[in-house]
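Asker: Quick one: structure below, then a few questions.
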Amino acid sequence: MRVGFVFALLVVSVIVCFNGLTSAESTVVMNNRNPDSINVPISDDITSRNLRASGEERAYAFVDKIKSLFSRPGISQKVESLQKNPAMVKNLEKAALSQKGSSKVRDWFMHMYNNSSKRDKFFILATLVMFPIGVWAVVTNYRR
């Protein structure tokens, strides 16, 4: 039961934290494409409004994002070229593990640190501290 609870908690956390599924702001323009409801008259003065499933803003944006990800021809061509050329993959691995690459990552983190507010820094630090504690708690409870 504990494993199922941890898995359910993980799924709920991922869904809540995924901004594309939880926000409807990016799809306001997309709603003009198709009508979002059908007005059905019940009587002379009452009209029932039935929403269509395609009118749901959040799910519609999520589906469009997934479709656009798979419809980009550049990504599949790059993956195919990397699969054909293993030397290029090794060069990418060397560049990622070299000191030059790590200094760029370090510079990026310093830039993000310098441009974030105290509240953002607090939540980042709290997340970094609480994650290992949470992993430890799950592992110790799983062993019982």
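Yeah, the Cβs are placed from backbone N, Cα and C, and that goes for glycine too.
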Asker: According to Swiss-Prot, which stretch among 29-38, 49-58 corresponds to the feature motif 'RxLR-dEER'?
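Answerer: Matching range for motif 'RxLR-dEER': 49-58.
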Asker: I'd like the number of other C-beta atoms within 10 A of the C-beta of Asn115 (N-linked glycosylation site), please.
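Answerer: Around Asn115 (N-linked glycosylation site), other Cβ atoms within 10 Å: 8.
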Asker: Is Asn115 (N-linked glycosylation site) helix, strand or coil when read with DSSP?
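Answerer: SS state of Asn115 (N-linked glycosylation site) = coil.
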